[in-house]
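*Asks:* Dropping a structure here in C-alpha cells format, bear with me for questions.
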Amino acid sequence: MRTALFPEGFVWGVSTSAFQIEGATDRDGRGPSIWDAFAGGAYGDPACDHYARHPEDVRLMQDLGIAAYRFSVSWPRVLPEGHGRVNGPGLDFYDRLVDELLEAGIAPYATLYHWDLPQALQDGGGWTSRDVPRHFADYARVVYDRIGDRVDTWFTFNEPWVAAFLGHGSGVHAPGLRSASDAFVSAHHMLLAHGLGLEALRAQGAARAGVVLNLSPVLTPAQLGDMSTGIPEEDAEAVARIDALHNRQFLEPLLRGRYPAELLPLIEKTAGLGHIRDGDLDVIGRPIDLLGVNYYTPIAVQAQPSAPADPAFPGSEGVLFCSVPTAVTAMGWPIMPSGLSLLLRRLSEEYPETELMITENGADFEDVVTGDGIHDVDRISFVEEHLRALRTSIDEGARVRGYLLWSLLDCVEWADGYRRKFGIVHVDFTTQRRLLKDSALWYRDVIMRNGLGAERPKRPTLETVAARSGVSRATVSRVVNGEARVSPDVRAAVLRAVQELGYVPNAAARSLVTRRTDSVALVLSVPRHGGEALTSAVVQYVTSVLEGAGKQITLMLADTAESHRRIIRHVEARQVDGVVLVPPDGPDTLTERLARTGVPVVLLGKPAIASLVPHVDVDNAGGAREATRHLLDRGRRRIGVICGPMDLVAVQDRLAGHLATLHEDGLRPVIALAGLDSGSGAAAARELLSGDQDLDAVFATSDELAIGALEAAREKGLRVPEDLAVVGFGDIHAASCTTPALTTVRVPAADQALALARLLLSRLDGRHTSSVVLPTRLVVRATT
Ligand code: FCB
C-alpha cells in the first residue's frame, strides 16, 4: 500500500444529525417532530443524550483532531410550532455548542433540515404544502440571527430525495406516507425551500452556503463487474430513468435551474405540474458555494418489462433493481469505493464550476466490544478504500474540499433504531458511556498525517491470539473449535485473549457473536427431463460440503407460486443465513426476489435474466466450440446442429459456440430444433438428413438428442462415423453405452456442486465473490 496524502487545507471532519443524537425531545420547550411521531417513543430519546453531553462529545472530537463538525439544527427545538414563536432555550443550546466547537478549534458546519419537520407543520400538510418552504426561510433567518456570526458554512437540506421519496413514496421514513404524487410535490417544495432558505442566509451575510445530496451512480449489473463495459442498449433507458429520479431530479434544478426534460412527463403523469410555479426554478437554481455529496453505495438496475414500480422510485415500472454480488455492510449496502470515483468524475465533468465536499460516507458493521477495545477493522477498511478512491478523484481534478465521516457516534439510524452502528465512537445506550473504536484512533492518525499511511489495518489472527495467551496456534485452534483435549486453565486463557482481541475465528464461533442460525436453504425447482442427474449431484455434494462446514441444510421445493412465496417469507424472516438456488429453467423472478432479501444467494447455472447474484456454470459455449472444431479437424464440412429448447440459457450458449466456430471457417449452419428427449432428437435428425444438404456430421446440444440422431442414422442405413459423425453434450451415463459409443462434451456435475457450496461459504464469510465458470472437456469415442 502506498501513502496517499491529501492537498493542503483539506478539511477532515465528521457528521451527525439532531434527531439521531440529541435526545431530550421534550426538554426546554422543544416541540414534537414527525420523527417523534413516527418512532412512537420507541427510539429518539435519549438517543446519545448529546443535548446534555455535548461538551464531552466536543472534547472527543478535539482529541481526534477533527477540523469540521457538521451537525443539524432541530427545527422544532427552535420553532416548536414550525413558525411564529421562537423557543429561546432551544437556540441557546446551539449557541453553546457553536462556542464550544470554536473554542476546541473545530469549524461548525450547520445543516438546517435533516428530516425532523415540526409535527405542527405536518398537521397542516407538511411538505405537500407550499407554506412550508416559506416557513423554512423564516426558520433559516432565526437560526442565522443567533449563530450566523460564528458559523461560516451552511447547508440548507440533507438528502431531500430520502425525505421526499422514503417519507412520502415508500413510507419507510417519517411521515410514513405512500403517495407517488405527494413524493414529487414534496421534493419540489424541498427544493423551493432550499432556494428561499439560501436567499435568507445570503441576505444576512452567510459566507458559504450549499446543500447536501445523496448521490449514487446508477449502473447495470455488467458494469458493476467491469466498469469499462458500456450500457447495453436494452438497459439504457432504465438506467437513465433511475438516474433522473435519484440524481438529476435534484442536481439539475439546483445547479442548472431546470428539471431534466425526460423527467417532466413522468412528474406530470403522477402529480401534475401545478406545484411547479413560474419563477420557482430561478429561486432553486441560484448559485451555491458548495455541494455536499453523501455517498454510500451504487444503484444497480436493468430493464425488465414485467417489473412493477418500486414505491421509492415512482415511475420505475419495467426496471429491475438488482443486488450487487460484492461484500456488503451489516446494513446490506454493497461496498463499492469505485462508485465514489465514478460519481465524482461525473460531477466534475457535468458541473465543473461546483465545489464539492464529501459530507457523509461511512459504514454500519456489527461491533464486538472486547476487554481492550473495539477492533472494527471492517469499518477502517471501508473508510480507507473510499479515501483512496477520493484521493484518485482529486488527482483527476475533482474539486473536493473535505471529507466528513458518517458518523461520530453510534446513534439512532432512523427507522432501524439503535441497532445500526455507524459511529467511530461506540455509545453504550444504557450508560451513555462513549468508547473510541479502533476506527476513531485510525482516523485521528489520518487527520494528523493529512492522508493515508502505507500500513493496512490488521485483523487479529490465530497467531495474535496465540501470542497473547502464551500457547501454540494448534492449541488456540483446538479451543476455538470446541475440542475437549485442553485443560480448563488454558481454555480460559485462550478465550480471554479471543475476547480481548475481538478475534473472530470461524463460522461457528462467529455465529455466537452474530447470533446467526448457521443454516442454509437448498432451494430446488423441479428440473426438466435431463436435469435430474445434476440436481441429485447438487443435493449430494452441496449438502455434504455445507454440513462439513457446520451448516444445517433445509431442503425447499420451488415448484409452485405458493412455494415461492413461502420460501421468500422464510428467507425474509432470516431463518437461514444463505441460499443455494437451483433455479427453474427459463425466466423467473425468484432469484431476484431472494437476492433482495439481503441474505447471500448463489445459483446453479447462468440465470436467464442477467443477474448480479453469483452463479456457477460450465463453459457451454467453449464446449460447443471444441466439439465443432473436433468435427472440422476430422474433415467434416457439412455439419448439422440439433438444438434443444431455445429458452434454456445453456442451449443458447452451446448454439452460439457452434455457430461462432463454423463462422471462423466460413461455413453456414444447418439447424433443426428439438425438445429434450431422444425421440425429438431422432425427429430433428430425420429432418436434417432428408434435406439436400448431404450432411457428414451432426452436433447435438445434449446427449439425449445425439442418441436420437444415432437412431435416425441407423434407420437411414448411414454408417457412423464413416458416413455421419455424431457428437453430443453432457456425457450422461448412456453416452458410453451406445453403439458406437458417443463422442461428447463432459460437464463436470460434481465439480459444479462443490464450487456452488464453496461459493456460498465465501459469501457467508463476507468475501468478495464472483461467478464461477468451469471448463468442459471433449470425450472422444467411436462416433467421430
Ligand atoms: C444518510 C443520512 C444519515 C444516516 C446515514 C447512514 O442517508 O443522511 O442521517 O442515516 O444515511
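Note: Cβ is positioned from N, Cα and C throughout, glycine not excepted.
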*Asks:* Have a look through HIS114, HIS194, HIS246 and flag the one TrEMBL assigns to the substrate site that GLN20, ASN158, TYR296, TRP406, GLU413, TRP414 belong to.
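*Replies:* Site partner of GLN20, ASN158, TYR296, TRP406, GLU413, TRP414 for substrate, according to TrEMBL: HIS114.
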*Asks:* Could you tell me which three-state DSSP class TRP414 (substrate binding site) falls into?
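*Replies:* Helix, per DSSP.
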*Asks:* What does DSSP give as the helix, strand and coil breakdown of the domain 'HTH cro/C1-type' (461-490)?
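*Replies:* Taking the domain 'HTH cro/C1-type' (461-490) as a whole: 19 helix, 0 strand, 11 coil.
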*Asks:* By CA distance, which of the binding-site residues (GLN20, HIS114, GLU413, TRP414) lies nearest to GLU159 (active site, proton donor)?
*Replies:* HIS114
*Asks:* Here are the binding-site residues: GLN20, ASN158. Which has the lowest count of other Cβ atoms within 10 Å?
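*Replies:* Sparsest of the binding-site residues GLN20, ASN158 by Cβ contacts within 10 Å: ASN158.
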*Asks:* Using C-alpha atoms only, work out the spacing between TRP406 (substrate binding site) and GLU360 (active site, nucleophile) and round it to an integer in Å.
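*Replies:* So the alpha carbons of TRP406 (substrate binding site) and GLU360 (active site, nucleophile) sit roughly 5 Å from each other.
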*Asks:* TYR296, TRP406, TRP414: which of these binding-site residues has the sparsest Cβ neighbourhood within 10 Å?
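*Replies:* The binding-site residues TYR296, TRP406, TRP414 were compared, and TRP414 has the fewest Cβ atoms within 10 Å.
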*Asks:* Among the recorded positions HIS114, GLU159, GLU360, GLU413, which residue has the fewest other Cβ atoms within 10 Å of its own Cβ?
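*Replies:* Sparsest of the recorded positions HIS114, GLU159, GLU360, GLU413 by Cβ contacts within 10 Å: GLU413.
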*Asks:* Other than GLN20, HIS114, ASN158, TYR296, TRP406, GLU413, TRP414 themselves, what residues in this chain have Cβ atoms within 8 Å of the centroid of the substrate site's Cβ atoms?
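*Replies:* Not counting the recorded site residues, we get SER17, GLU159, GLU360, SER407, PHE422.
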